[in-house]
Structures are given as C-alpha cells and as structure tokens.
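Notes for the one structure printed next.
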Amino acid sequence: MDTIMPLPTHFYTTQQLKQGEQDAASERGLELFHLMERAGQAVFTIAFAQYPTSHHWLICCGGGNNGGDGYIVAVLARHMGIDVTVWQLGDPEKLPADAHRAYQQWKELGGAVYAPQSEVPESTDVIIDALFGIGLKEVLRPQVVPLVELLNQSGKPIVAVDVPSGLCADTGQVMGTCIKAQHTVSLIGLKQGLVTGQARCYVGTLHYAGLGVEEVFAQHNTPSLVSIDGKLRHSLLPPRQACTHKGQNGKALIVGGNEGMGGALILCASACARSGAGLSAAMTHPDNVTAMLTITPEVMSTSWNKQHLFEERIEWCDALALGPGLGRDAQAQQIMQRLSSLKVPKVWDADALYFLAHNPSYDAQRIITPHPVEAARLLGCEVEEVEQDRFAAIRQLQQRYGGVVVLKGAGTLVDDGKEIAVCLQGNPGMASGGMGDVLTGIIVALLAQKIPLADAAKLGVWLHSSAADLNTKSHGQRGLLASDLLPHLRELLN
C-alpha cells in the first residue's frame, strides 16, 4: 500500500474513534471544534504539499462534522490565495454545531456555498472530499451517487478527509459507490477498513495525522488491528552460529504436485529452500520427480507411491506443507487422511483446503492460507460475503478451524485468535498463478526453523509481499511471476 511517511502500526474501529475522539479532546482540555480546526489544518497541509502549484480547489462538504473539516480547509486555502469553490450537500444551516461554526467562518470570509453542480469547474486543480466520514454504514442514497460518479470521472485528483466517501471505515466495503481518492488523510487513529479488500482500490496514498491527541487516544484504546512489522525478522531469525549444520536449521516436507500440477510443487519447494530451511524434501506424483530433481536439486524429491519412503519422511520432518497442486482424486484424498492428524506444525493451502471444507477439523498446530474463494468454501458462504467484511470472515475461520488463518488478497490478514494483523506490503502484480504456492513454501520453511505459528505466518506474508514489491520497483507490476520473488527472499532474510 502506498504511503509517504511511515504509518503507526495500530488501527481502530469507528466505535473506538467516535468515543475516543471526545475522551482524548476532553483529557487534553480541547473543545471538539479546536480538534476540527486541527483536522482541517492537517488535510490542507497534506493536500497543499502534494499539489503545491494548484490554484483552484473544489471542496465538497457533507452534512456532518466531516463537512466541517471541509470548511476549515476552505478557509485555510482562501488565506493561501487559492481560489475555492464549495459545494454543500444539503442545507448548511442544519450542520451540527461545530461544523456550522466552521461554515460561519467561511461565510465571514465572504465565501460562497453552492449546491453540487452538474459539472466540475474546468479550472479545478484539486478536489477535497469531505462528504461522508466514518459514520457511514448504509449504501449511499441514490441522489448522492451521481455526485460521487461526477467527481470520480472528472479526472481531477481527490484528497479524502478521514475516509473516501462511500467506504465503510470498519470493513473496507464499498457502500454502493465510492470516491476514488488519490490521497486519504486518516485522523486521530487509523481506521481498520482503509487497508484491506476493496478499500485498497479507493484510498490511494494513505496519510496519518494524530492531531496532538494520538497518545492519549492510544492509551485508552486497544487496537482492533495491527500491521505486520518487517523488523520481526531480526528477532525471529538471528545470525546463525558458526558451527551450525543443516540438520539444526529445520527439515521441511512438502506434499503436493499431482499429475499435471508439478509446477505448484516446484514453486513451493523452491521458496522453501530459499527461505532458510536446512533440509527440504518433497513427496509428489511420480511424473514430477525428474523435473523436481532437475529444477530444484537441493530438494530431496521422491514419488509418493513409495510408501516406505513416505512414512520415513513423515517421521523425519519438523514441519509440513500440504496442498500445492495436490489434486482432488482418490489418491489425494488418501494422502489427506494420512497426514491430517500429523502432530507437527503444518501449513495447508490450495487443494488441502478443498478437503478441509468437506471434512472440517480443528487443529491448533495448523496454518491455513485461503484466498477469498477458498475462504467462502470453508465458511459455506458466497465470496461476496467474505469480501464485504474480511475481518468477520477471518474471525469465523479461526474460530471454526483453529490455529492461524491467513486470508489472502489485497491487504492480507492474519488471525491467531488473539489479534488480527494486516500486511501493508504487496501490489496488484501479485495477482498471478503460483503466488500462493510460494507463500506456502516460505511459511513451511519458517515453521521448520522452529518459529511459532503466528510469527511464521506474519513473517511469511511480509516476506512474500515485500519480495514482490522489490521486484516491481525495478521491472513493473505487469508480468510479475511467482518465481520472480525467489531471488529477493534471500536478500530480505539476511
């Protein structure tokens, strides 16, 4: 996700923000109007920094306190010599007290207020979206939709106040239609709905302004979401001892790659070997063994039809990855039955999740890594329901299946039953085949190195997304392959 300055690592719900804003202001001895002034100042400062040569701003104000923030921006922009046009949705005389006070300041400057027009003024350089704030829980009213569409189609850059209008700040769901902002300025506390799912298409570059009350707010509110910190790798992966040997660095077993699906296993095994496992082994369909030995000679690859070797590998491994290219035939089902109860840390993906959906089980030693379609199958619901509230979906998955859940997608989430974490790294180039197989390989390598389940899942997701970001910085997003991530893993791990 695009940011300019490092963001805080904690995110909150709208309920926390609504009450916490008042409490923090009170504890600081501030009127809520003074907090509104600070909000407007923050939005103006960030917008002007992004568009310093702009001359004409269109500020769109709604009927709540978000609109009041917009009027403060209008006053500040006018003082800077910027031409300002204000569009007000609804009657400004019915604004809440603090927002009405801001409106009066604008009027005292001689500022005009207009109802939304059918066209955006041609001279507009910047649009400020102060229509709807964090309180939006319902689909936008039909009479508002044309305005949102007009602003989106104008081709003008949009800076959203706190949250793009039309986006649910708790879930990231688009409530019918939504402002597509180039920049969003989140105030006091970052909202959890800004960083996952559909929100990633609408927020643009995310900025944060604490308004001088962030410390007080944080003292009284437990985050509903935390971001994954890449510094985690330094504590989890300390420098290796000079006398270490491969057996001490973890033994990972990967089972998958049915007939015609060997590529998934090759990607997974390659990622495992590149992620620091001391020894990596694979059990696969006999058709894939030669390719595995040729492409990844570091991985000990054997046919899963050799039953005695299969059993030896099961006893040998420190961690298991099950599912990449496994298939859904009778043999795959037998393998699932044999390995389901294995008492080692494990990560299940792809076809393993298909079998899990049809034969649910709870396992505290397992990581599952569904994408939204797989998550919907595991929950017995529609994909749209998963994407409408990814937080609710991942909580249900963790409660039903245990262990750690990684809900993949834009703004991947990780839930260990204690907290939910989000990955801010990653980019649209990752929407290509084989990416999930690489993630599974990374995670099983970390598990084999005795990293706890939750930490392995979080660090694995961060490494995976960060490797993709490193590659696309040099080569662009379109055409990114899962195998392109492999060289960067070693760099990030060290």
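Any Cβ shown, glycine's included, is placed from N, Cα and C.
K(+) binding, as stated in Swiss-Prot, involves Asn66, Asp129; the candidate among Ser26, Ser54, Ser154, Ser165 given for that site is Ser165. Ranked by CA distance from Asp129 (K(+) binding site), the binding-site residues Asp162, Gly325, Asp437 have Asp162 at the top as the closest. Within 8 Å of the centroid defined by the CB atoms of Asn66, Asp129, Ser165, the record's K(+) site, lie the Cβ atoms of Cys60, Gly62, Gly70, Ala130, Leu131, Phe132, Gly133, Ala160, Val161, Asp162, Val163, Pro164, Ile179, excluding the listed residues themselves. When each of the binding-site residues Asp129, Asp162, Asp437 is scored by how many other Cβ atoms sit within 10 Å of its Cβ, Asp162 comes out lowest. Asp162 ((6S)-NADPHX 1 binding site) and Asp437 ((6S)-NADPHX 2 binding site) are 37 Å apart (CA-CA, integer value). The Cβ neighbour count for Ser165 (K(+) binding site), using a 10 Å radius over every protein chain in view, is 29. Mean pLDDT for the domain 'YjeF N-terminal' (17-219) in the predicted structure: 97. With respect to their backbone Cα atoms, Asp162 ((6S)-NADPHX 1 binding site) and Asn66 (K(+) binding site) stand 8 Å from each other.
If you take the Cα of Gly325 ((6S)-NADPHX 2 binding site) and the Cα of Asn66 (K(+) binding site), they are about 50 angstrom apart, rounded to a whole number.
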